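Chemist: Pulled the feature table from TrEMBL, pasting it below:
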REGION    B:1-59  region 'Disordered'
COMPBIAS  B:49-59  compositional bias 'Acidic residues'
DOMAIN    B:201-337  domain 'Nrap protein'
DOMAIN    B:350-504  domain 'Nrap protein'
DOMAIN    B:510-667  domain 'Nrap protein'
DOMAIN    B:691-907  domain 'Nrap protein'
DOMAIN    B:909-1067  domain 'Nrap protein'
DOMAIN    B:1073-1212  domain 'Nrap protein'
Amino acid sequence: MSTSTIAGFTPLRVPNASSSTPSTHIIYARLHSGSKKASRKGKEAVLPEGRTLFLVNVPPDATERELVLFFKHAGTVERVIFDGDSGDEQVENVEDEDDSDEDGEGEVEEEDAEAEEDSQPRKKRKTGKGAAKPTAPEVILLPPRPSRTFRKTGGTAHVIFTDDSSISRALAPSKKDRPWPTDPESPVGLAHYAALHASLRPPLDVVKAHADSYMELFDFEQAKKKQQSKYRKGEAIVDDDGFTLVTRGGAYGQTVGGGVGVASKKFQSEVRQGNGKRHRSKKDPQEKEAFYAFQIHEKKRNDLIELRQKWEEDKAKIEKLKSSRKFKPY
Amino acid sequence: MALERKRKRGQDPTPQKKQRIPTVFQTNEDDGSIHSDDDEPMPSGSSVGDEEEDETEDNAEAMLVETSKPSGSAIKRPPTALELRDIKDATDLYRSSSFKLQIDALLPNTRPKYQNSAPLDRFLESLHTCFNSLPSISPRHPLEAAKALLKQSVAVPYVLPLPGQDTNWKVGFEKPSEIVLAGSWANKLAVKGTDKQRYTVDLGVEIPSSLLQEKDYLNGRFFQKRAYFLSVLAAAIMDKKSGLHSEAVFSSPSGDSRLTCLVVRPKTGSNNDLTKLNVDVRIIPTLSASSPIPLHRLSPTKANIRTTASSEDASQDAPSPVYNNAIHVATTPKLQLLRSHTLKGLVSAYSDALTLLRIWANQRGYGRGSRLGIRGFESTGSLWTAVLDLLISGEDAGFRKSAKRKPLGKGVSSYQLFRAALDLLASHDFTQDHIRVRAETGHSFSPDDYPANNPVFVDATGVNVLSSVPSGSLDMLRYDARVTLDALNEDFTAQDPFKDAFLKDHREFQTRFDVVLRVDLSSAKLRTPSVQSTIEHGSLYNALLASLLSKLRQGLGDRAKAVVCLHSACEDRALTETDPAHSPVIYIGLILDIENAFRLVDHGPRADDPDPEAATRFRDFWGEKAELRRFKDGSIVESVVWDVKTSDERTKIPYFVAVHILAHHFSISDTDIQHWQDPFDATLRLPESITSIYQVAKAETGFKAAMAAFDGLVKSLKAVDEELPLGVLNVSPASEMLRYTNVFTPIAVPPSTPSLPECAQYLQPMEIVLEFEKSGRWPDDLRAIQKVKLALLERVASKLMESTPELRATVVVGDPVSTSDIMDTASLEIITPQGWAFTARIWHDREAKLLDTTIDDRPHIPAHIKRKLPGGPDPKSRQAALEAKELYVRRFIHAPRHHRAIAALCHRYTAYAGTVRLIKRWLASNWVLQKYLSVEAVELLSAVVFLGSARKASSSSQPPPIGVPGTKERGFAKVIELLAEWEWDKGIFIPLYGDEQTEADEVQKGSLDISGRDGVWKISTEFDPEGFVWTRDAPDAVMARRIQKIATATWKCLQNLESGDTPVMTMFWHPEQQYDFLIGLNAELLPRYYQNIRADPSVWDRKGKYANIGSTRETRSSPVQPGYDPAQLLFDDLSRIYKDTFLLFRDPLGGDRFGGVWEPRLKEPRPFKILGKFSATPVPKDSGKDKSQVMLNKEAILSEVERFGAGLITSITQRI
């Protein structure tokens, strides 16, 4: 049992007794220290310094429950956040959960976060949210996927304890290596794949209920957005400084709210590609070629030079091939 | 210093050369210490202040001009008149300048070094003295003479009919009447032979007329005298007293002992050592023009072989053109020498053109080589000169009223002459259309003398240079010339044909012939042996081959474009051997005519044929196979029917025909004929015990059945159309199984199938794409669209199940790996009552626009401005959108289009589908398919050997171009060769869509973001000019090299196939020792295991061993799970988790093993990093290394892997 640290990390040994050959997985642990950059208010709240343990090389299939069990001897774990980069969204998540009053905009971002959020079934959160709003229709869930997800190896995690004192206990060298606790509820291996295959094929009525309820919610959100939107039919959008926003979307090629015409997409793309020949198309090319004798002469000369250049290039190419002995036929 | 600092500015006329300024100076300039120098008056009139501003800039400019000058000025100058002429010549006379330069580079490499020929001259001189000093030997009985020579250990190579005791003619010797240096060496026209063969210096030694008699043309008497003459010379050379220090061997070109000559090679180390020059001296006895043998007796119509006892009966003997020609040839060496000398003087490009032609021919096996060559071309040096002679001198009008071929101009280039020669060879059928070169002296024989249906090409000396060349070999020559000519006619910019024409060895069997048979002739017997034909062809072996080839040609008829016999060149033999040794093994190569090759019935004469003999001949030819049949149109015709059971067998018909003829006419049994199609077929077939289960269940099988099932599904979809919220507009297939290119023939698993073993339950679903009519009711949000798709699929599923009772449909709500909610993941899984599985997806074109907006919401702002602007899409959702877009483009735009093109290709080229299937099987069994190489990329690459890689429109109405593989084995070999040699960094273009209109808009729609790709294979088509749709992420450079390596190994293996020792299977067995660790899976639990290339039947035959296990398996909830392959899921998961730790490989077709290779960068300990991306363990303390170093924790990783694959993985073995 090594007590030495590596680059400030304490290696925690996790023996694997169940496999055919005994081996030891190493988790590197350190007290979480906030980023030196202007630490934001939210970040602080999510990863409270002092009681957050930062782990590197968490087993790829670790679940929150397994980590909680693993650190049970040190104290109670409040939350586990996998793969630090999803921390930002996590922040918002937490905040959102705190105050259930959120607007429609948040919804979209929220879902992004959930895509990243691995440890929990995808749609679960949404219901919670949907339920929080008194008026919003509820989304009926698809059956959850098997809860175990596999992250890339060598991943990181933040374990937030309820108590500061747990950290030292967690980092303290222990007499005996603690084995990795396995969560029996989320199977691995063949059983996992069988369950996954089955869970992706729910009964038809569930699918229908889910899709319908989702669309109801979607329509509801759309309607809400519409209500909140500043735009009213027939009125141009004017910002605080008094500028009218010219944006496509009105009828007959006019701006939203009408009044001003908007350039068509075709026109825009033509301009972008540089072939907006509208003005020049009628005129002749500006300069006549081969009009003066010197032009003819120059053109001929350039042609010859070009010819020679190509010849020289070819020659060089063949020389190169020759040196690589390519011309020995057999 | 200051004087040097002249300025270019203003009116300064100083030449640029003087503007050189040392760099040191420039750097000093700023510190002002030299500044005072500037105050000195300048030669130029510009003010000082002005200068200071521009100083650095000007200096830099001057430097720039200076450095770029040397190369620039040479090119910028217009070419001189001389150079211009060269360039113009090159482009006009040689088609392209690089072609001309390449020819110039090639030619010196193929010519001997004449300047070193002094030792040769000395040696020839001593030979000359030696021969001239030989004493005469008085005529004596041939056997007696032979006995005398045998004492000097030289045998006399008498020819058939061998002299007996009762022969009444005698052989003698006198010194040669003339010794001439003949052949290509004398004219400096020698061309290097293939396989490091030596140059030959032909020495014509004239047999004195006094030794010959008029009647010597009869019964090979001339040849006996020639043989004795040669043996005496041989004995003289071997005689130690001669002082020549040489070895001599007999050599018989084409195994014809009548043409035996003596090859003399001075011993190495002697003062005559010629090894440096790399030449052999060949002594050829010749016949003087004034010999007693009358020329008219050598006409092809004359019968000079008397098989009947009485010589009066001459009229009954058949003409002996081959025999006569062999005598005639003896007169030619000197004449040919003179002729080619004249031509060389006449046309300056003659020598170069001849060299090109001979290199071309050598590369294709038309000549002597140590590898197998095409029969009939071992001693045809005179053919090539005759071809050029014909082009230069024109055709003699003997064979038809007016000569068609006018002489070419004298000023042609070597390339033009070469092309004209190819054109002649490609377009002229020497068998049907006899031709002869115009000769000043006229020809001795009448054109009618030459036998019809035999190749005839009479050169200027009056000899038929093709007399011993089988017509099948000429067909091959014509075919090869056609192929090269086509390549030369193609656009030069696409691919340089030079390499293909001259530098590449084209003698590989497997890529050259559609069908190759290896025949052991040792037990072959002629059905009707004849003494006359034996003597006519010089030996029994040659007679047998001649008959064999003509019979095969006749039997195969229009099925084959060329029937070629190949065998190794007849080796030189020691002087003690009288007869040339023949290799008993020959190879027969067929080039098939795809349109006719697989015809089931051969028609013979009609029953009411006016010629009663016709039917008899037909029956005699085909033996018991011939039968009288009545056909649908009422005609009764003699015919041969080849009955085949499967489509595999149908492609073997040409082989059956050949085998039947060989057995019927030459009693060559099956065991003596080797053929490589069966083992290739076996790789594409499922094990017998599995197919029998399907047969019992009466499962539908075959591509046709799968397509019918698809049509059925489309029909039932259209039937429920009314009840769906949106009408179904289009259903497009996008599956290998619906375009003939799936490795295995599709099999349905009907519900009635008796329980399949678990390792054979895999049912592959077929991907189809549903397109609904446009509607404004789709939401304008990516996530909502995915949900609407779910709703739509649910409707389709329930309606389908209502309308078709036994059909099962399930909505698959997601993808096992991806959790993205904007990606198209929803699909509909349909299992038809017959047991076919489909996966349907919905194509909604609005998605593309929405994704584009997410990726780049302000496309109208140029990128460089946008970078400075705040905002923009958040990188994470942009990434997700990019991924979704890639999937969308590939799945909905490219896949259906690709499917249509490939399906069309399969219809056009019968061998294409088989080729693709073999290649896929090969790639899969070598553990690279799927993950490292998409099946679509394989299909595209395989198309190259059929379509060529040139940018030319080919429409389906045109006949398939020449050179297209006719069987899948040849296609396979060609693709392997391509993979082994392809320089993938250059990319490849495939005219897959041909005449389809490509619109810029269409291309735009299907364009893919290829920045940051890993793939290196650029395979572009009309619709995909970027060329990375199917190879964006794989293979990367490492994998591409690996595939190339595997292909090279396989290519070597293919080249060895012809030896008959290497089984085909070796190419499909993957060596597993190369992996760092192997993960063994439980084969019994893998639904695809039965597809394994080495599937072990005992895995699924273990019935009754564990009765209880068997019963638990029966109670599985869903009997058929289309596409369910846990091994693949595990493989995908592992590859993803450990992407940066190891590379994982497997055979997607039922592989029961993963092979892993550790990332090489992780082999060494490295400092600990938080985002190290691998599972690390501290380096043990006692190793003395820095303690903050960590290393790969292999054991822990492998035990993790074992945990993830619990239930599937049986073993993990590490290589030590």
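Residue numbers in this text run from 1 along the chain shown.
Cβ atoms are placed via backbone N, Cα and C, with glycine included.
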Chemist: For the domain 'Nrap protein' (B:909-1067), which partner among B:201-337, B:510-667, B:1073-1212 gives the most CB pairs under 8 Å?
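Modeler: By the under-8 Å Cβ criterion, the domain 'Nrap protein' (B:909-1067) pairs most with B:510-667.
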Chemist: Considering only Cβ pairs within less than 8 angstroms, which of the stretches B:201-337, B:350-504, B:691-907, B:1073-1212 has the most against the domain 'Nrap protein' (B:510-667)?
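Modeler: The stretch with the most close Cβ contacts to the domain 'Nrap protein' (B:510-667) is B:201-337.
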Chemist: Average the pLDDT scores across the domain 'Nrap protein' (B:691-907) and report the rounded value.
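Modeler: Here the predicted model's pLDDT, averaged over the domain 'Nrap protein' (B:691-907), is 86.
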Chemist: Sort the residues of the domain 'Nrap protein' (B:201-337) into helix, strand and coil with DSSP and give the three counts.
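Modeler: So the counts come to 62 helix, 28 strand, 47 coil.
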Chemist: From the DSSP assignment alone, can you count helix, strand and coil residues within the domain 'Nrap protein' (B:1073-1212)?
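Modeler: Across the domain 'Nrap protein' (B:1073-1212), the residues distribute as 46 helix, 29 strand, 65 coil.
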